[in-house]
């Protein structure tokens, strides 16, 4: 249970993340859960209901104790790191909106995360997915929606949150899509005719009227389609056709990157298409590509020991 003044601050912070920082709903929900976990621990640590003053005067021992508690509770390093980032983000918001200055939390470094290589699908698995995704909608417009969305993600390398934010205004430009991604970073991606044509066909039979600024991909009740709903469609596809366990909407973004790299795309162009802030993030795909080449070499090279 939180003090009403603290809850009001959290509500303002969430609006700030969405409206000014352009964070996805998924990120905002995760950050909110992390912050509440931190405040619940603070409540336990202080043995009294947390106040604004408790938050402002939280010392390094409390923060390190919270991180240690998460570690003891078997949170992954990535989850602990994200949790600390969420709480730091909240404190930055407090600096902007209250009298708080230079809190000790900013001196704490995040734990090192184990870097996992992105998992791409094979080109054959992508083809199977694109050919059969329409089988799982039960309603014609939903079937076409599923195919249009999946083709869009694979053809453009969009994050699922970015793809689900596409509006009719995006369709008005014949040559490219202008995307506002993580951290309000803008990038421009060429339209592939197959993706645009499928979206146009889908909109022609969509039973809901939409304004130019409304997201075009809708759920069965007419509300904006949410990532978990679409991923459930992919789970059906995965199980029926025996596709890899790591098949999700995001794996098609990874596949877009890996397949372009395997077919000769350069890293700088790939970085621009994916919207990566750092080239080192994009370079992870070269490691995946090298593993692919090693596998091909091992199975196909005519001279073996």
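Cβ atoms are placed via backbone N, Cα and C, with glycine included.
As given in Swiss-Prot:
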{"type": "DOMAIN", "residues": "4-95", "note": "domain 'Core-binding (CB)'"}
{"type": "DOMAIN", "residues": "116-298", "note": "domain 'Tyr recombinase'"}
{"type": "ACT_SITE", "residues": "159", "note": "active site"}
{"type": "ACT_SITE", "residues": "182", "note": "active site"}
{"type": "ACT_SITE", "residues": "250", "note": "active site"}
{"type": "ACT_SITE", "residues": "253", "note": "active site"}
{"type": "ACT_SITE", "residues": "276", "note": "active site"}
{"type": "ACT_SITE", "residues": "285", "note": "active site, O-(3'-phospho-DNA)-tyrosine intermediate"}
Residues in the domain 'Core-binding (CB)' (4-95) per DSSP class, helix first, strand next, coil last, are 76 helix, 0 strand, 16 coil
Hey, which of the active-site residues 182, 253 is the loneliest by Cβ count within 10 Å?
182
For residue 250 (active site), what is the tally of other C-beta atoms lying within 10 angstroms of its C-beta?
17
For the C-alpha pair, I'd like the distance in angstrom between residue 159 (active site) and residue 250 (active site), rounded off.
6
Over all shown protein chains, what is the count of other CB atoms within 10 A of the CB belonging to residue 159 (active site)?
20
According to DSSP, collapsed to three classes, what secondary structure does residue 159 (active site) have?
coil
Model confidence over the domain 'Tyr recombinase' (116-298), averaged pLDDT
83
Spatial separation of residue 253 (active site) from residue 182 (active site) - C-alpha basis, Å:
15
